[in-house]
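Peer 1: Pulled these features from Swiss-Prot for this protein:
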ACT_SITE  H361  active site, proton acceptor
BINDING   8-11, K22, Q73, 78-79, G140, E154, N169, N226, R331, K349, Y364, N375  UDP-N-acetyl-alpha-D-glucosamine binding site
BINDING   D103, N226  Mg(2+) binding site
BINDING   N384, Y385, A421, R438  acetyl-CoA binding site
REGION    229-249  region 'Linker'
REGION    250-455  region 'N-acetyltransferase'
Amino acid sequence: MYKCALVLAAGQGKRIKSDLPKVLHKVCGKEMLKHVIDSIRKSGIDDIDVIIGKGAELVKERTLDRNVSYSMQAEQLGTGHAVKCAEEFLKDKKGVVAIFTGDTPLIKQSTIERLFNEHIEAKNSATILTAIVNDPTGYGRIVRTNDGVSKIVEHKDCTEEELKINEMNSGIYCFDIELLVDALNKITNNNGQGEYYLTDAIGILKSQGKKIGAVVTEYEETIGVNSRVQLAEAEEILKNRINLMHMENGVTLIDPRTTYIGIDVEIGKDTIIYPNNILEGNTKIGNNCLIYQNSRIVDSNIGNEVDVQASVILNSNIGDNTTVGPFAYIRPETTIGKHARIGDFVEIKKSTIGDGTKVSHLTYIGDAEVGSECNFGCGTVVVNYDGKNKHKTIIGDHSFIGCNTNLVSPVTIHDNTYIAAGSTITSEVKEGDLAVARAKQRNISGWVDKKGLKK
């Protein structure tokens, strides 16, 4: 059977008080709308239409990589009106459509699959995703009879008996497409808000004798984010889910409460993550790594048996058995080889560092290609910027760079070379050479006495 999905993402989001469209606020590093789209896609639904309104162009721009179509809701006149704006998408389609809201980032793939399966197997005309809550105040109640769902009653319209019902409407549904399109044409805005409610379609189908079903899920999956407080609540719930998944997969989190792991991060088994770490984007961390406290790793590939201590790594690759930090800054487009050592207060930008190379402390390397088994003394600076352009430095294998050295780019240091401490290198150093580029030491005898400085 053909299955498709609509995602309502046109709302103003006034309570979140932001210039950014509400559905583009992030939860665990990913926009809420993308969370919803990705869960739908993982459930096997490829045909997805997003109803957009506020910030439409930005919403399109941020979701271009999700291969969805768009329908425009120029005026926000209710959920029924939003779905009606997707009539062109639904035109001539037969099968089942699920309707979601773009501000429910916690919905699970398995729940979506269950919703579709129940709808199809029970031969329902409409199926509502519901949840049981201790305090359903403000939510629409699900009224059931022996033959399924009888109606959805808004909180303000509930009788005393209906107020006791703790099964609430999540705002997520499945419909037979043709029946939905017909019901949408019969919905009116004859209510206190002057809006077209999608819930009225349920009542219309029920009045026609159609079968309405419901699938119950956990309340947290149905949470809609309408404020910064709810955004933080969703963040906490998803963070806990992610951390639990990694621990179940063989990763040790010393303190899950203070460990932030983005939803797309991958971590190998027997890796230990210490407190106060932030792992974001498409980061991949290998097996048997130690990520000590206060590190931030974004969109980077970390090999096996790597130690990272209190460092920032951005869009870079770190080879197996390498140590980084403490207090290292690995900037984008950097690749560090295996068995390397990047020490304290080292900054590396857009450079390649070979296997076994040691850059132990207080060094800047930018726009450089560094070979294997090199050693950088304390205070080395690759001078890559002339005030207008960046230039490249090449350093061969087995080179030794003495302390307090400046390498003025563009410059090439060949294999097996030594650079004397305190040198400023501005020209090529041939293989096997020692380069000394500093003023000759001169001692002035008796100078302290002559100046009257002796203590």
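Even glycines carry a Cβ here, placed using N, Cα and C.
Describe each of these features in terms of where it is and what it packs against.
Peer 2: The Cβ of H361 (active site, proton acceptor) lies under 8 Å from the Cβ of G343, D344, F345, V346, C378, each of which sits 6+ residues away along the same chain.
In the three-state DSSP reading, A10 (UDP-N-acetyl-alpha-D-glucosamine binding site) counts as coil. When Cβ atoms from all protein chains are considered, those within 10 Å of A10 (UDP-N-acetyl-alpha-D-glucosamine binding site) total 28, not counting its own.
D103 (Mg(2+) binding site) counts 27 other C-beta atoms within 10 Å of its own C-beta, drawing on all protein chains shown.
For R438 (acetyl-CoA binding site), the number of other Cβ atoms no farther than 10 Å from its own Cβ, over all displayed protein chains, is 13.
Helix, strand and coil counts from DSSP across the region 'Linker' (229-249) read 20 helix, 0 strand, 1 coil.
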Peer 1: For the region 'Linker' (229-249), would you mind checking the mean pLDDT of the predicted model?
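Peer 2: A mean pLDDT of 97 is what the predicted model shows over the region 'Linker' (229-249).
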Peer 1: Among the binding-site residues listed here (L8, G140, N169, R331, Y385), which has the Cα closest to the Cα of N226 (Mg(2+) binding site)?
Peer 2: L8
Peer 1: Does DSSP put N169 (UDP-N-acetyl-alpha-D-glucosamine binding site) in a helix, in a strand, or in coil?
Peer 2: strand
Peer 1: Please work out which residue of Y364, Y385 has the most C-beta neighbours within 10 angstroms of its C-beta, and give that one of the binding-site residues.
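Peer 2: Within the set of binding-site residues, the most crowded position is Y364.
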Peer 1: In the same chain, who gets a Cβ under 8 Å from the region 'Linker' (229-249) while lying at least 6 residues past its ends?
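Peer 2: Long-range Cβ neighbours of the region 'Linker' (229-249): 16, 25, 27-28, 32, 105-106, 220, 223, 256, 259-263, 265, 267, 269, 273.
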Peer 1: For R438 (acetyl-CoA binding site) and Y364 (UDP-N-acetyl-alpha-D-glucosamine binding site), determine the Cα separation and express it in whole Å.
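Peer 2: About 20 Å separates the two Cα atoms.
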Peer 1: Starting from each candidate's C-beta and looking 10 angstroms out, tell me which of the binding-site residues K22, R331 has the most other C-beta atoms.
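Peer 2: Most Cβ neighbours within 10 Å: K22.
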